[in-house]
Every structure is written in C-alpha cells, then in structure tokens.
Amino acid sequence: MAGGAAPKADEPLPHPAKDQLPSISYCITSPPPWPEAILLGFQHYIVMLGTTVLIPTSLVPQMGGGNEEKAKVIQTLLFVAGLNTLLQSLFGTRLPAVMGGSYTFVPSTISIILAGRFSNYSGDPVEKFKRTMRAIQGSLIVASTLQIVLGFSGLWRNVTRFLSPLSVVPLISLVGFGLYEFGFPGVAKCVEIGLPQLVIIVFISQYLPHVIKRGKNIFDRFAVIFSVVIVWIYAHLLTVGGAYNDAAPKTQASCRTDRAGLIDAAPWIRVPWPFQWGAPSFDAGEAFAMMMASFVALVESTGAFFAVARYASATPMPPSVLSRGVGWQGVGILLSGLFGTVNGTSVSV
C-alpha cells in the first residue's frame, strides 16, 4: 500500500495438537486440570527418579561415601533438579522441560574419582568422599561457563539456525539408545523383577486401553504409576516371603526392597545449601574433560528442546529462545557445582 506501513506479519500459531499429533491430549496452551496435572507431575518424578537414584548409587560408593552420603547426594540432586526446572520454565525456553541429572557427565566424573591424588585418603572414606566431591564441584563450575557464554552471548543461536526437524531425530535417538547401556544391565541384575516391570508397563499402556474402553485415558496416561505400584508390591512380597534369603549378596542388594539403606539414612527434612561439602577444588585437566561433557549435554539438550516444543504443540522455537534456554542450562550446571550433586544437568529425556 503506497504511503502506508507494511502489513504486520501474522504471529506464528501453535501446532494443532489433535491434527498433528493425535496421541497428545494436552499442550502448552491447554494444560490438564490441577488434580490430573499433579498426578502426571508425580509420574514424571517417578520416571526421572530412576536416573536421580542410579547416578549417585553408582558413583558415591566409588568416592568413599556410605548410605548417609548417598542419601544426601540424592536429596541434593532432586532439590537442584526442581530448582533448575523452575528456572528453565520461567526464564529459559519457558517450555515444560524437566531438568535433571545426565549420564553424559558420568565418564568425566569417574575420571575424577579415579584420580591418584585421592588415594591418600583411603583410610578415611568420608574424607575421601568430600575431597572427591569438591573436585567434581570445581570441574562443574568451570564447565558451566561454556554453556553460559554460548547461550547468553547468542553464539549458539547462529548454530541452531541450520537445524531442522530431520537433524533433531538422530540427536534424540542417540540419547535414548545410549540409555540402554545403563538400563538393561540393571534389569539383568534382577530379571525376575525387571522383566515383569517392562511387560506390565507395555501391557497397561498399549493393550489395556483397547480392552477397557472406559478407562482408556486413565491407563495410557498413568501406566507408569500403575506398573510401579504393582511391581513394588510383588517385589516386597518376594522379599518378606524369603525368596532371597539364601541368594548371593549382589542379588540381595539388587532384588530385595530392604537393602538400599537410603530410607534409614535419609533425614526427614533436609534443605541442601551451597558448598555443603566444603570449598571446591580446581584442576585444569579435570575441568577441560568436564567441559567436553558439558558440550555433549548442550547438543543433546538442543534436540530435546525441539522435541519438547513439538510435543507441547508450541510455536516454532526461535533460535534466540533456544540460545537463552542453553544459557539457563549453564546456570543449572553452575548450581549443580555449587550445591554438589556429583552430576551436571540437562533436559530429562
């Protein structure tokens, strides 16, 4: 129009969930009712609890810590995960992405645990645990600067402009395939409990909704809660029934419901605080290795953010928003280092 302002471009509309993804019932613009949202949130907490418990359970004993230290690290990891999720949903990408512990940081963490300078404290396991934790904290604090700089400076925005949905698929797939390395060996340690869990969750989520039409939405949405309750009762009955009384110690530790030692060691109420294990220590080589893990977490989280936006039926995510989310993820890694979670943070896949 001559002499007039150019017409304003239409705002991008959300993806219609029912048309594009028929299996999605709720999206970012139509959340579920509060009672159902609380149950779904608790179910997601159960899903991420496996990662939250497995990582400290595997790493803390190697650091010299016992059940008390293990319980405190799990509490700290849960607390920081909730804090990082709030920061990401309020100030980052503002997507319903849960931020939690990532297996990406485990190899770098193990390299710190196996460092020779901690062998001098082998006579005092608790002191060895604290010294190792401080070294891990220092590495995470340094590694967080990578994502903070790339995210808040906008440099990562220039990379994400070349990404397409086709490039996101291998990112998410590789993350999922990598979890098999950790998940299935855990199932094999107690196959009589792990295998029924897999079978029951598939049956409840995929087959039961087609058999019972009235409860279709209940069974497919809350399959994890149903299956975990059923299998936990089954495992507890095996424990109290004496099925593992004569089993090997490793089998009892994996299968019995009264061998974790976390409930007895954990205090009823405990709020973690920064530097609870002492002042962090810094090593250039360890920090560089952790920075590489941080970059891998950056790449996998980039694909996860795209996937979350798609499943939430949000508008196509601008590169600037994604870069901002990466910056806040770097802040999450910084908080992990300050509080001492023995692990960095990324999008929970």
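Using the three backbone atoms N, Cα and C, a Cβ is placed for every residue, glycine included.
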Correct range for transmembrane segment (source TrEMBL, candidates 73-91, 187-205): 73-91
Ranked first among 42-61, 97-115, 287-309, 321-342 for CB pairs under 8 angstroms with the transmembrane segment (73-91): 321-342
Contacting positions for the transmembrane segment (42-61) when only residues 6+ beyond its ends and CB under 8 Å are counted: 69-70, 73-74, 77-78, 81, 98, 100-103, 106, 109-110, 113, 129, 182, 186, 222, 224-225, 228, 262, 342-343, 348
Long-range neighbours of the transmembrane segment (97-115), counting only residues six or more past its ends (CB under 8 A): 44, 48, 51-52, 55, 58-59, 62-63, 77, 81, 84-85, 87-89, 132, 135-136, 139-140, 178-179, 182, 283, 286, 289-290, 292-294, 296-297, 300, 304-305, 308, 325, 329, 332, 341-348
